[in-house]
Each structure stands twice: as C-alpha cells, then as structure tokens.
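When I checked TrEMBL for this same protein, it listed these features:
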{"type": "SIGNAL", "residues": "1-26", "note": "signal peptide"}
{"type": "DOMAIN", "residues": "56-200", "note": "domain 'Cupin type-1'"}
{"type": "BINDING", "residues": "98, 103, 108", "note": "oxalate binding site"}
{"type": "BINDING", "residues": "101, 103, 108, 147", "note": "Mn(2+) binding site"}
C-alpha cells in the first residue's frame, strides 16, 4: 500500500511538473530579471522566499466539512511574481460543489488525486462540455470560460490539484458576482425573467452568515 501511494505521488509530481512548464509558455508577461524581489525585502532574499508552506495544512489538519480551496498564487506566495505559475488544492467533502466561476487570466488544468468529480464548462457559443472524472484523470478548463466542479458521491470526498499559467489567474464567482455585489434587484429580475422576491431570496441565501 505504501509503495502504491509513493508511486501515485511520484506520478502526480511528474505530470504536474510537465503541465506547469507547458502552461508557463503562454503565461504572464516576461520579466527581465531572474525573479522579482518585493520592495520590503530590501533586495535580499534566501531560500525561504522561494518556499511556500501553506499546503502543510493538507497533512496536518482535519478534513474540511465544506468545499475548501488552498491557494499558492501571487497573493499567498510572492516569489511567483513574474513566473507565470500558480497552484490550488481543491477539497470536496461528499456532495459539495465549486460553484460556476471563471479565471480571466489563465486556463486551469485540474488533476484529480482522489475520488470522483463531475466537471464542465460552457464556451462562448453556449455549448456545455461535461465529464465524470476518475482518480488520475486530467481536465482542462479553457481560459476565461465559466466552469464548475461537483462531487456527486454521497459518501466519499474528492481532492484535486489545479495548475494555472499565471501567478494571478483571478477568480470570478458567478453567484457572488450577481447576487452579492449590489446589482439592482429589478435588473436581475428582468434578466432572469423572474420576480424581485425571488432575487431577494437568492441574495439572502448568499449573504455572509453573522
């Protein structure tokens, strides 16, 4: 069992090392230095600057009870500035979803490490592309297109790793963008061909809990 786990980890690292290099080819604008040192570092960095420890929570913490994303992007890992790469680990307890969203600055290459996922995206012609992923599968979400992931398994969790060809891919949550940003109720009601009361219920359901 230990040998199988080690083999899976090695396979995962190999696949993603190759993927991240390929995605970086068309990533953020090129820089003219080896790396970018933040102004507050006074020009001096060591190995700690190039090390991110945020994923230790995956092995040290308890499994989440709701969908959770742990990111290693420019905001969390400043050494990525100018490097055209970033990662995210997505944890899906049984029956949870990553709601429809977009990444305006990068495609997303998702590797399913464990469990199963229902995934899909919609292109600019309103064509829906879906797939049921099994452990070990890869799926690419093209840059800027609305997409989702859903763990339909009622009993088992799922975990995936996503690679991006940008240090700051950005995430635009469609439910949050529409219903938590103050867009007028009448605009939304007309757009969705419903009534203001329904829109207000949707907004109330997405409002932060006290």
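Note that the numbers count up from 1, one per residue, in the order the chain is shown.
Any Cβ shown, glycine's included, is placed from N, Cα and C.
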Around the recorded oxalate site, report the further residues of that chain (criterion: Cβ within 8 Å of the mean position of the Cβ atoms of 98, 103, 108; site residues excluded), sequence-ordered.
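So the extra residues in range turn out to be 88, 101, 102, 110, 141, 147, 149, 162, 169, 171.
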Determine, for the Mn(2+) site, the additional residues of the same chain whose CB lies within 8 Å of the mean position of the CB atoms of 101, 103, 108, 147; present them in sequence order.
102, 121, 141, 145, 146, 169, 171
What is the number of other Cβ atoms found within 10 Å of the Cβ of residue 101 (Mn(2+) binding site)?
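I get 19 for this one.
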If you skip the near sequence neighbours and keep only those at least six away, which residues in the chain come within under 8 angstroms of residue 108 (oxalate binding site), Cβ to Cβ?
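Same-chain residues close to residue 108 (oxalate binding site) (Cβ under 8 Å, separated by 6 or more) are 140, 141, 147, 162, 163, 164, 169.
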Sequence gap of 6 or more, Cβ distance under 8 Å: name the residues on the same chain that satisfy this around residue 103 (oxalate binding site), in order along the sequence.
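Result: 141, 143, 144, 164, 166, 169, 170, 171, 172.
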How many helix, strand and coil residues does the domain 'Cupin type-1' (56-200) contain under DSSP?
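Here the numbers are 26 helix, 55 strand, 64 coil.
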Can you check how the pLDDT averages out over the domain 'Cupin type-1' (56-200)?
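The predicted confidence over the domain 'Cupin type-1' (56-200), as a mean pLDDT, is 96.
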